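Visitor: Following this message is one structure expressed as structure tokens.
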Amino acid sequence: MHNLSAQPWQAKMANLTYDNVTLSNRSEVAIQPPTNYKTVELVFIATVTGSLSLVTVVGNILVMLSIKVNRQLQTVNNYFLFSLACADLIIGVFSMNLYTVYIIKGYWPLGAVVCDLWLALDYVVSNASVMNLLIISFDRYFCVTKPLTYPARRTTKMAGLMIAAAWILSFILWAPAILFWQFIVGKRTVHERECYIQFLSNPAVTFGTAIAAFYLPVVIMTVLYIHISLASRSRVRRHKPESRKERKGKSLSFFKAPPVKQNNNNSPKRAVEVKEEVRNGKVDDQPSAQTEATGQQEEKETSNESSTVSMTQTTKDKPTTEILPAGQGQSPAHPRVNPTSKWSKIKIVTKQTGTESVTAIEIVPAKAGASDHNSLSNSRPANVARKFASIARSQVRKKRQMAAREKKVTRTIFAILLAFILTWTPYNVMVLINTFCETCVPETVWSIGYWLCYVNSTINPACYALCNATFKKTFKHLLMCQYRNIGTAR
């Protein structure tokens, strides 16, 4: 948390001289920070800070509009980013410009009431930003470490409650103390032309707030991201693509064979074997007939009995699919084979290896002695295989989309955490130094470090665009006024 109590000129107050009067820390004298900038420097400062404020406002408005108009961006994680963009927008509109006025003028020209309101707004918004980052980090951590239980509770309503809690808690922590401390202690000790938090005038107290508001959250977020990264790498290793040689050796195929019909004169029927390979959701027919008795014609299937399919995808090559007669309500966990059904059982195995998915289906023939009604044809199993192939293809596509989405989220989180740490660390290091040496940090360095905290709000929208192609395309559509397909841009 950046802190206005540690302004660079405050450390020099004991030695300032105005009108041949040596001043100490006396509350009855109005002390104002010296203005050491030349006119050219003031113009440069105003231009740079004004440009940063404009870019911050435009960038965060783009983020908010993108999430609003593009359905692809309306996810729980992006709602957290929406909250963060709101905080950054407030900083761009108010905090940046008021602090620029303070720097250029060399003193606070707007009075005590505006000063306290600015400080309260600045601290509440900054604390809300940190808490939003913590929420994003914890949310991603639970998504990775508890993928089976946490997503069920990860609803839009829950996200809204967490965001509201972050803002309300930030307001309770800072606003009352900043606005009413002078009434609690009975007097205002902040000089008329200065603006800082009265109860943080002690450098040791300032450092304590920096520990609680910056260093501790940074440690927590870093630890969480390390766990997120390790869990993601573990997933990659688990689904690492095999070599070509291994894939050839482990090729899964789909075999189905109709049972041999037993008739009255014990003459065997022709057994037909159809081999179909299912790779990446595509079926390739390779029929081959093996005739056991010549002169016999293949038996056609005439029954129109329908069946329902219950499928559970697994790895480790474990068959988990069965076909049950229509109308049966057995649980897939306890399947039951109907002896009068045309098909006794279908086994399906889907093996996911990195970006390649291989599906194998096996139709187990009916038991010996089954009636003529239980024979299988060539065409019906092939149609079923294609249906399963379509399901497998759809599942692979969904997995790839989910993996790409997770990669975007993780990359975005890393970018905004890195930007937060890089921009907020210099100032908070100076706060640490100022605790032990009040005159060691030059005025200009203080101002630059303090402004870097604000620059974080400028960088965040760029992080979203660089790490998420959907954000980038939506930004482009909004800036170029191309609204036709903006709602579904990917």
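Including glycine, each Cβ sits where the backbone N, Cα and C put it.
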Visitor: Select, from N15, N304, N456, the one residue given the annotation N-linked glycosylation site by Swiss-Prot.
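Guide: Matching N15, N304, N456 against Swiss-Prot annotations yields N15.
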Visitor: Among N25, N265, can you tell me which residue Swiss-Prot lists with the annotation N-linked glycosylation site?
Guide: N25
Visitor: Of the candidates C115, C143, which does Swiss-Prot name as forming a disulfide with C195?
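Guide: Record-based pairing for C195: C115.
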Visitor: Looking at Swiss-Prot, is S201 on the same side of the membrane as E41?
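Guide: Same domain label for E41 and S201.
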Visitor: Answer yes if the transmembrane segment (159-181) and the transmembrane segment (117-138) have at least three CB pairs under 8 Å among residue pairs 6 or more apart in sequence, and no otherwise.
Guide: yes
Visitor: Over the topological domain 'Extracellular' (100-116), work out the mean pLDDT and round it to an integer.
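Guide: Here the predicted model's pLDDT, averaged over the topological domain 'Extracellular' (100-116), is 94.
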Visitor: Using Cβ-Cβ distances, find the residues under 8 Å from C115 (disulfide bond) that belong to the same chain and are at least 6 apart in sequence, listing them in sequence order.
Guide: W108, V190, C195
Visitor: Does the transmembrane segment (79-99) reach the transmembrane segment (448-467) with at least 3 CB pairs under 8 A, where each pair is 6 or more residues apart?
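Guide: Yes, the transmembrane segment (79-99) contacts the transmembrane segment (448-467).
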Visitor: Between 117-138, 413-433, 448-467, who has the most Cβ pairs under 8 Å to the transmembrane segment (204-226)?
Guide: 413-433
Visitor: So, three-state DSSP: helix, strand or coil for C115 (disulfide bond)?
Guide: helix
Visitor: For C195 (disulfide bond), just count the other CB atoms lying within 10 A of its CB, please.
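Guide: Here the count is 23.
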